[in-house]
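Engineer: Sharing the feature lines straight out of Swiss-Prot:
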type    : residues                       : note
BINDING : Gly172, Glu187, Lys188, Ser219 : alpha-D-glucose 1-phosphate binding site
Amino acid sequence: MCCWQSRGLLVKRVLAIILGGGAGTRLYPLTKLRAKPAVPLAGKYRLIDIPVSNCINSEIVKIYVLTQFNSASLNRHISRAYNFSGFQEGFVEVLAAQQTKDNPDWFQGTADAVRQYLWLFREWDVDEYLILSGDHLYRMDYAQFVKRHRETNADITLSVVPVDDRKAPELGLMKIDAQGRITDFSEKPQGEALRAMQVDTSVLGLSAEKAKLNPYIASMGIYVFKKEVLHNLLEKYEGATDFGKEIIPDSASDHNLQAYLFDDYWEDIGTIEAFYEANLALTKQPSPDFSFYNEKAPIYTRGRYLPPTKMLNSTVTESMIGEGCMIKQCRIHHSVLGIRSRIESDCTIEDTLVMGNDFYESSSERDTLKARGEIAAGIGSGTTIRRAIIDKNARIGKNVMIVNKENVQEANREELGFYIRNGIVVVIKNVTIADGTVI
């Protein structure tokens, strides 16, 4: 048995680098006041908790997170959630883009982000770099990914998912030979170019039946690089800014690029619609495609020590409710409510993600706000909300209707406190929606 086949030794010499993304334009306005990895998820987590938890469960504990803008809340979350003991070398550290004399620009892409901090990564005595994305929802054992990389003596290994004819045109596809080596790339091909990218996915371990239904493989944007290979490629292609579109396809002819099949739930949640759908899919019965209820590979986050949720004479169906909520005489269906959510009486919440609050307001504080004609945090009585995302600390008044009654697909109403994306109303963090408002 090779020494690295022991799980602990297998990943000890791996450094994880999580790419937090750019300005988060696809998730705006959820990224207006926070970095993309800090966007709340599933009522109590944040996007960054997914790749960090996968790393910890895979015993990879040297982790950097690269981010671009608004990193204050991300820094705070990381420092409170992942403070490793001083008796081991594990860490999770946020590295924000810096403008220097040598690098006057922000990160220009995935490869550029890594290039700008290569001086720091070089200091670590490791064999591989594990490059991860910060806006995907999945559960993966990276130790098996690294093992495949070493067994095939790959220079770069790409994690891939099998996809069908419907999804393939929207993804970056690749072709492989009989040994699983990647031979060709195509970004979002159509028509004949799409059909030319069909491969026998049974080569990577799919059953014949599944391989027939999923004749394409798509990149997940997750890579293992040999240390020196990454250094050399970033220097060779010094003008290239993106791994998936430039550096990796350009290196295929003279490097051993291997595919590692991931045949489980994986979702890119980097857009408002995908993020919304993935959150509500967690309520699916009897079991969702992705579950946070997995003791063998838990998803970690910051411990908050909140009290249990209180529900008074309410009807709640097909929903997830975070800790510390107060729900009074209302109806909630197919929704996710985040921590400290407060829903007053006679409300109807359907097909909605409510992110909750960062704080509680005492009864006296709420009475004072009411006396001044102001609106308390939470959702006021008699309000109806359907197909929406309510960001944190929103103050929604009484008898408000957030239902997109005109079925508008896209709208920018920042001055009024909301956007509409793909027909989903997104109420901005910290805004106030007046009593009786109809959206």
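Think of each number as a place in line: the chain as shown, counted from 1.
Any Cβ shown, glycine's included, is placed from N, Cα and C.
Show me how these features fit into the structure around them.
Structural biologist: Neighbour density for Ser219 (alpha-D-glucose 1-phosphate binding site): within 10 A of its CB lie 21 other CB atoms from the protein chains shown. Ser219 (alpha-D-glucose 1-phosphate binding site) falls within a strand segment according to DSSP.
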Engineer: Pick out which of the binding-site residues Gly172, Glu187, Lys188 has the most other Cβ atoms within 10 Å of its own Cβ.
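Structural biologist: Top count of Cβ atoms within 10 Å goes to Gly172.
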Engineer: Please give the greatest C-alpha separation between any two of the alpha-D-glucose 1-phosphate-binding residues Gly172, Glu187, Lys188, Ser219, in angstrom, as a whole number.
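Structural biologist: Max Cα-Cα spread across the alpha-D-glucose 1-phosphate binders: 11 Å.
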